[in-house]
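Engineer: Would you mind keeping the following structure in view while I ask a few things?
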Amino acid sequence: WKKLYLAHHWPVTVCKMSANDCKDPPEYWTIHGLWPDKTEECNRTWHFNVTEIKDLMSDMRQYWPDVLHSSLNRTQFWKHEWDKHGTCAATLEVLNSQKKYFGKALELYKHIDLNSCLLKAGIKPSSSYYQMTAIKEALTRFYGVMPKIQCLLPEEGEKAQTIGQIEFCFTKELQLRNCTVLKGESDPMQADLKLGTEELSVCDDSLPTYYPSQVQ
(Lines of atoms letter the chains of each structure in order from A and count residues from 1; the text may use other names and numbers.)
(Lines give C-alpha, C1' and ligand atoms only; values in the text may rest on other atoms or scores of the structure.)
Protein backbone atom coordinates (compact mmCIF):
# COMPACT_ATOMS: atom_id res chain seq x y z
CA TRP A 1 0.00 0.00 0.00
CA LYS A 2 1.04 3.60 -0.57
CA LYS A 3 -0.82 5.83 1.87
CA LEU A 4 -2.88 5.86 5.03
CA TYR A 5 -6.28 7.44 5.49
CA LEU A 6 -7.25 8.75 8.91
CA ALA A 7 -11.03 8.80 8.68
CA HIS A 8 -13.06 11.04 11.00
CA HIS A 9 -16.79 10.68 11.01
CA TRP A 10 -19.50 13.02 12.22
CA PRO A 11 -21.54 10.97 14.71
CA VAL A 12 -24.81 12.84 14.17
CA THR A 13 -24.73 11.97 10.45
CA VAL A 14 -23.64 8.39 11.07
CA CYS A 15 -26.63 7.97 13.36
CA LYS A 16 -28.96 9.18 10.63
CA MET A 17 -27.63 6.54 8.28
CA SER A 18 -28.63 3.16 9.51
CA ALA A 19 -30.44 0.97 11.95
CA ASN A 20 -28.63 1.51 15.21
CA ASP A 21 -29.09 2.19 18.86
CA CYS A 22 -27.34 5.57 18.85
CA LYS A 23 -27.96 7.48 22.02
CA ASP A 24 -26.82 11.10 22.14
CA PRO A 25 -24.00 10.78 19.62
CA PRO A 26 -21.01 12.98 20.54
CA GLU A 27 -21.08 16.41 18.96
CA TYR A 28 -17.47 16.28 17.90
CA TRP A 29 -15.68 14.46 15.10
CA THR A 30 -14.59 10.99 16.17
CA ILE A 31 -12.26 8.43 14.61
CA HIS A 32 -13.67 5.94 12.14
CA GLY A 33 -10.36 4.30 11.39
CA LEU A 34 -6.79 4.40 10.12
CA TRP A 35 -6.74 2.65 6.77
CA PRO A 36 -3.96 1.67 4.38
CA ASP A 37 -5.15 2.42 0.86
CA LYS A 38 -5.44 -1.12 -0.32
CA THR A 39 -5.55 -4.35 1.59
CA GLU A 40 -8.04 -6.00 3.76
CA GLU A 41 -7.60 -8.51 6.54
CA CYS A 42 -3.91 -9.02 5.94
CA ASN A 43 -3.35 -11.45 8.76
CA ARG A 44 -6.36 -13.41 9.90
CA THR A 45 -4.42 -15.20 12.61
CA TRP A 46 -3.48 -12.00 14.44
CA HIS A 47 -6.48 -11.67 16.72
CA PHE A 48 -7.58 -8.50 18.42
CA ASN A 49 -6.85 -8.46 22.13
CA VAL A 50 -8.37 -5.58 24.04
CA THR A 51 -5.95 -5.94 26.98
CA GLU A 52 -3.15 -4.72 24.72
CA ILE A 53 -4.78 -1.31 24.50
CA LYS A 54 -5.99 -1.02 28.09
CA ASP A 55 -3.73 2.02 28.67
CA LEU A 56 -5.46 3.77 25.79
CA MET A 57 -8.95 2.95 26.94
CA SER A 58 -10.14 6.34 28.16
CA ASP A 59 -8.95 8.00 24.93
CA MET A 60 -10.44 5.19 22.85
CA ARG A 61 -13.84 5.62 24.48
CA GLN A 62 -13.76 9.35 24.02
CA TYR A 63 -12.27 9.73 20.54
CA TRP A 64 -12.96 6.37 18.89
CA PRO A 65 -16.36 5.33 20.22
CA ASP A 66 -18.63 2.87 18.50
CA VAL A 67 -21.15 5.53 17.61
CA LEU A 68 -23.81 3.10 16.41
CA HIS A 69 -23.88 1.01 19.57
CA SER A 70 -24.30 2.89 22.76
CA SER A 71 -22.95 0.55 25.43
CA LEU A 72 -19.51 1.55 26.63
CA ASN A 73 -17.66 -1.72 26.54
CA ARG A 74 -18.29 -2.30 22.85
CA THR A 75 -15.00 -3.51 21.51
CA GLN A 76 -16.48 -5.03 18.32
CA PHE A 77 -15.84 -1.87 16.35
CA TRP A 78 -12.15 -1.79 17.33
CA LYS A 79 -11.81 -5.47 16.60
CA HIS A 80 -13.26 -4.93 13.12
CA GLU A 81 -10.88 -2.03 12.45
CA TRP A 82 -7.88 -4.05 13.66
CA ASP A 83 -8.76 -7.21 11.71
CA LYS A 84 -9.53 -5.38 8.51
CA HIS A 85 -7.02 -2.51 8.52
CA GLY A 86 -4.66 -2.74 11.48
CA THR A 87 -3.25 -6.08 10.44
CA CYS A 88 -2.34 -4.48 7.09
CA ALA A 89 -0.95 -1.24 8.51
CA ALA A 90 1.33 -3.34 10.74
CA THR A 91 3.87 -3.72 7.93
CA LEU A 92 5.10 -0.29 9.14
CA GLU A 93 7.26 -0.52 12.21
CA VAL A 94 5.51 2.42 13.89
CA LEU A 95 2.20 0.53 13.60
CA ASN A 96 3.34 -3.03 14.16
CA SER A 97 1.36 -3.84 17.30
CA GLN A 98 -2.18 -3.20 18.45
CA LYS A 99 -0.99 -0.68 20.98
CA LYS A 100 1.10 1.16 18.38
CA TYR A 101 -1.65 1.10 15.75
CA PHE A 102 -4.43 2.45 17.97
CA GLY A 103 -2.04 4.74 19.86
CA LYS A 104 -0.67 6.28 16.66
CA ALA A 105 -4.18 6.81 15.26
CA LEU A 106 -5.14 8.67 18.45
CA GLU A 107 -1.96 10.74 18.20
CA LEU A 108 -2.64 11.70 14.57
CA TYR A 109 -6.24 12.54 15.46
CA LYS A 110 -5.10 14.91 18.22
CA HIS A 111 -2.44 16.39 15.95
CA ILE A 112 -4.97 17.10 13.19
CA ASP A 113 -7.41 18.53 15.74
CA LEU A 114 -10.20 18.77 13.18
CA ASN A 115 -12.82 19.90 15.68
CA SER A 116 -11.06 23.10 16.65
CA CYS A 117 -9.88 23.78 13.12
CA LEU A 118 -13.46 23.85 11.83
CA LEU A 119 -14.57 26.02 14.74
CA LYS A 120 -11.76 28.49 14.09
CA ALA A 121 -12.92 28.70 10.50
CA GLY A 122 -16.44 29.48 11.73
CA ILE A 123 -17.79 26.15 10.50
CA LYS A 124 -20.02 24.65 13.15
CA PRO A 125 -23.08 22.45 13.25
CA SER A 126 -26.06 24.47 12.16
CA SER A 127 -29.48 24.24 10.57
CA SER A 128 -28.43 26.47 7.70
CA TYR A 129 -26.35 25.32 4.73
CA TYR A 130 -22.67 25.60 3.94
CA GLN A 131 -20.99 25.66 0.56
CA MET A 132 -18.74 22.64 0.15
CA THR A 133 -16.10 24.85 -1.49
CA ALA A 134 -15.94 27.01 1.67
CA ILE A 135 -15.38 23.93 3.84
CA LYS A 136 -12.66 22.67 1.50
CA GLU A 137 -11.00 26.06 1.40
CA ALA A 138 -10.88 26.28 5.18
CA LEU A 139 -9.38 22.80 5.49
CA THR A 140 -6.75 23.31 2.80
CA ARG A 141 -5.82 26.65 4.33
CA PHE A 142 -5.24 25.00 7.71
CA TYR A 143 -3.56 21.82 6.64
CA GLY A 144 -1.95 22.68 3.34
CA VAL A 145 -3.39 19.51 1.80
CA MET A 146 -6.74 18.46 0.38
CA PRO A 147 -8.60 15.91 2.51
CA LYS A 148 -11.33 13.67 1.14
CA ILE A 149 -14.80 14.74 2.24
CA GLN A 150 -17.80 12.46 2.08
CA CYS A 151 -21.49 13.18 2.35
CA LEU A 152 -24.86 11.51 2.47
CA LEU A 153 -26.77 12.29 -0.69
CA PRO A 154 -29.88 14.47 -0.34
CA GLU A 155 -32.93 12.56 0.79
CA GLU A 156 -36.13 12.56 -1.24
CA GLY A 157 -37.29 16.16 -1.60
CA GLU A 158 -34.16 17.62 0.04
CA LYS A 159 -31.73 19.75 -1.87
CA ALA A 160 -28.78 19.52 0.50
CA GLN A 161 -26.22 16.80 1.10
CA THR A 162 -25.12 16.02 4.67
CA ILE A 163 -21.44 15.97 5.62
CA GLY A 164 -20.49 12.66 7.19
CA GLN A 165 -16.80 11.87 6.90
CA ILE A 166 -13.49 13.69 6.47
CA GLU A 167 -10.38 11.68 5.67
CA PHE A 168 -6.82 12.95 5.90
CA CYS A 169 -4.10 11.18 3.99
CA PHE A 170 -0.60 10.42 5.19
CA THR A 171 2.50 9.05 3.53
CA LYS A 172 4.18 5.97 5.00
CA GLU A 173 6.38 8.42 6.89
CA LEU A 174 3.17 9.76 8.45
CA GLN A 175 3.45 13.13 6.72
CA LEU A 176 0.22 14.75 5.55
CA ARG A 177 -0.36 14.56 1.80
CA ASN A 178 -3.19 15.28 -0.60
CA CYS A 179 -5.86 12.62 -0.79
CA THR A 180 -6.20 12.79 -4.55
CA VAL A 181 -5.59 9.38 -6.05
CA LEU A 182 -2.40 9.33 -8.07
CA LYS A 183 -1.77 7.06 -11.03
CA GLY A 184 -1.21 3.51 -9.93
CA GLU A 185 -2.91 3.98 -6.58
CA SER A 186 -6.21 2.49 -5.60
CA ASP A 187 -8.97 4.13 -3.64
CA PRO A 188 -9.53 2.39 -0.31
CA MET A 189 -12.35 0.44 1.08
CA GLN A 190 -15.36 1.95 -0.51
CA ALA A 191 -17.19 -0.85 1.20
CA ASP A 192 -16.20 0.47 4.59
CA LEU A 193 -18.63 3.29 4.18
CA LYS A 194 -21.74 1.22 3.79
CA LEU A 195 -23.48 1.55 7.11
CA GLY A 196 -26.83 -0.12 6.79
CA THR A 197 -28.55 0.73 3.54
CA GLU A 198 -27.31 4.23 2.89
CA GLU A 199 -23.77 5.10 2.12
CA LEU A 200 -21.45 8.04 1.95
CA SER A 201 -20.00 9.26 -1.30
CA VAL A 202 -17.61 12.04 -2.19
CA CYS A 203 -19.40 15.34 -1.61
CA ASP A 204 -20.69 17.29 -4.57
CA ASP A 205 -19.18 20.79 -4.71
CA SER A 206 -22.31 22.22 -6.26
CA LEU A 207 -24.79 21.09 -3.60
CA PRO A 208 -25.55 23.01 -0.42
CA THR A 209 -24.25 21.08 2.57
CA TYR A 210 -25.76 20.35 5.98
CA TYR A 211 -23.53 19.99 9.00
CA PRO A 212 -26.23 18.80 11.38
CA SER A 213 -26.32 19.23 15.14
CA GLN A 214 -28.09 16.92 17.53
CA VAL A 215 -31.39 18.64 17.63
CA GLN A 216 -33.00 18.65 14.22
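Keep in mind that glycine also has a Cβ here, set from the backbone N, Cα and C atoms.
Residues or ranges marked as active site by TrEMBL: His32, Glu81, His85.
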Engineer: Taking the Cβ of each of the active-site residues and counting other Cβ atoms inside 10 Å, which one has the highest number: His32, His85?
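Structural biologist: Comparing the active-site residues His32, His85, the most crowded Cβ belongs to His85.
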Engineer: Could you state the CA-to-CA distance between His85 (active site) and His32 (active site) to the nearest Å?
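Structural biologist: The Cα atom of His85 (active site) is 11 Å away from the Cα atom of His32 (active site).
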Engineer: Could you state the whole-number distance in Å separating the C-alpha atoms of His32 (active site) and Glu81 (active site)?
Structural biologist: 8
Engineer: Glu81 (active site) has how many other Cβ neighbours within 10 Å of its own Cβ?
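Structural biologist: The answer is 24 other Cβ atoms.
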